[in-house]
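**Q** The structure that follows is given in the form of structure tokens.
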Amino acid sequence: MDFKVADLSLAEAGRHQIRLAEYEMPGLMQLRKEFADEQPLKGARIAGSIHMTVQTAVLIETLTALGAEVRWASCNIFSTQDEAAAAIVVGSGTVEEPAGVPVFAWKGESLEEYWWCINQIFSWGDELPNMILDDGGDATMAVIRGREYEQAGLVPPAEANDSDEYIAFLGMLREVLAAEPGKWGKIAEAVKGVTEETTTGVHRLYHFAEEGVLPFPAMNVNDAVTKSKFDNKYGTRHSLIDGINRATDMLMGGKNVLVCGYGDVGKGCAEAFDGQGARVKVTEADPINALQALMDGYSVVTVDEAIEDADIVITATGNKDIISFEQMLKMKDHALLGNIGHFDNEIDMHSLLHRDDVTRTTIKPQVDEFTFSTGRSIIVLSEGRLLNLGNATGHPSFVMSNSFADQTIAQIELFQNEGQYENEVYRLPKVLDEKVARIHVEALGGQLTELTKEQAEYIGVDVAGPFKPEHYRY
């Protein structure tokens, strides 16, 4: 079995953590019981790219328990929990003779190593992957752009304004084109569908669909209610504070905090800081979200207006160029800057890392002080990447049980219903969304009210649901 992780000797520690996480992930454990005999993913060869955490380990072993074969990489260079990666590789075997799942992930990958790992999840020897499970869209992008450049016969050269990450991506595609011509086209034809975990990846999917280059059906897991309204908000509310505490031990009470973005993730950020006693301001482009922030009690400002007074600045937009180098120069001495959007381009990290008039001092892994020519400095977490995974271990198990149950159900839906979906982007059917919610309500001891037949008819629903129309916003 091929794999590449940091240290297989960490497998026992990882297994203990996985065992504890299983008790906090009732959605996945229920799916294992429900589908144990049916094996709905038998024959599925899943190329998986999600943060290689303890919670993801429970997802991987759920997929294999339902019959799938899996190869896995992380979707972030800093997010891997090395003990979890080791435990998944060892599986039911030993450190000397591992018998688990091929994993290609370790904490602190270089950009070149990251894209090498992504390529490995698509390398199945004589077979081809037939499903993709993605977070952020990098794996899907590799197939789509890889096929495009194969057809052109050339991977284009990097342009002057391309990010270091995109340059590394093109380098990987160039190497594959030389060594394995035709690889990506074959994979594009073999894949039955992709399920996408996060907002950024979903934006990419819709873009590919609009371009007419999406070669297989896609399931938008992010916009399942049991994902976006729970993982994005409640998970962030927990893991953001965890990441900052582990990174800096900074007291948040009384501090001025600027949260950029007030979507579901931004709402979780603002609520988390508010709960710590911080004074929170929000930036937002969407007037509806801005009005929500105001009604929730937060000032709505612009970055330029608020950044000079902020002790902590967090980006949560899923967009690019949110905090410029010029704005960083205006920040307080030793102010904290972090990001909880999927990519590192919300903050102008390129200037921080490449300008001659900026000095970088690493305080500890994923905590860096950048000193400007003025003598002032700022503290940046995880090089502008997801701080809750780079500086901590991500969202708690229970909330990830929601998201990963959605992922598992979406994989089953696409794999078993080949031909019923066009090469477009779909959302998880609401009846399945409600199924995931029901499992977790019961796990928390909640008692659901049962409608009478007359009540159900009165509001135009079935007694067993779904209870809301597709357009309902919750």
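The count begins at 1 with the first shown residue.
The backbone N, Cα and C atoms fix where each Cβ goes, and this holds for glycine too.
According to Swiss-Prot, the substrate binding site annotation covers THR53, ASP135, GLU197, LYS227, ASP231, on the basis of sequence analysis. The NAD(+) binding site annotation in Swiss-Prot covers 198-200, ASN232, 261-266, GLU284, ASN319, 340-342, ASN388.
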**Q** Determine, to the nearest whole angstrom, how far the Cα atom of THR200 (NAD(+) binding site) is from the Cα atom of ASP231 (substrate binding site).
**A** 14
**Q** So among the binding-site residues THR53, THR200, who's got the most Cβ atoms within 10 Å?
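**A** Answer returned by the neighbour count: THR53.
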**Q** Counting Cβ neighbours within 10 Å across all chains shown, tell me which of the binding-site residues GLY261, GLY263 comes out on top.
**A** GLY261
**Q** Among the binding-site residues ASP135, GLU197, ASP231, GLU284, which residue has its Cβ surrounded by the fewest other Cβ atoms within 10 Å?
**A** GLU284
**Q** Between ASP231 (substrate binding site) and VAL265 (NAD(+) binding site), how many Å separate their Cα atoms?
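**A** If we compare the Cα positions of ASP231 (substrate binding site) and VAL265 (NAD(+) binding site), the gap is 8 Å.
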**Q** Can you tell me whether DSSP puts LYS227 (substrate binding site) in helix, strand or coil?
**A** helix
**Q** Between the Cα atoms of VAL265 (NAD(+) binding site) and GLU197 (substrate binding site), find the distance and write it as a whole number of Å.
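**A** Cα to Cα, VAL265 (NAD(+) binding site) and GLU197 (substrate binding site) are separated by 14 Å.
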**Q** With H, G and I counted as helix, E and B as strand and the rest as coil, say where DSSP puts VAL265 (NAD(+) binding site).
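**A** The three-state answer is helix.
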**Q** Show, in sequence order, which residues other than THR53, ASP135, GLU197, LYS227, ASP231 on the same chain lie with their Cβ within 8 Å of the centre of the Cβ atoms of the substrate site.
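**A** Checked against the 8 Å cutoff, the neighbours are ILE50, HIS51, THR198, VAL221, ASN222, HIS395, MET400, SER403, PHE404, GLN407.
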**Q** Give the number of CB atoms, excluding that of HIS342 (NAD(+) binding site) itself, located within 10 Å of its CB.
**A** 23
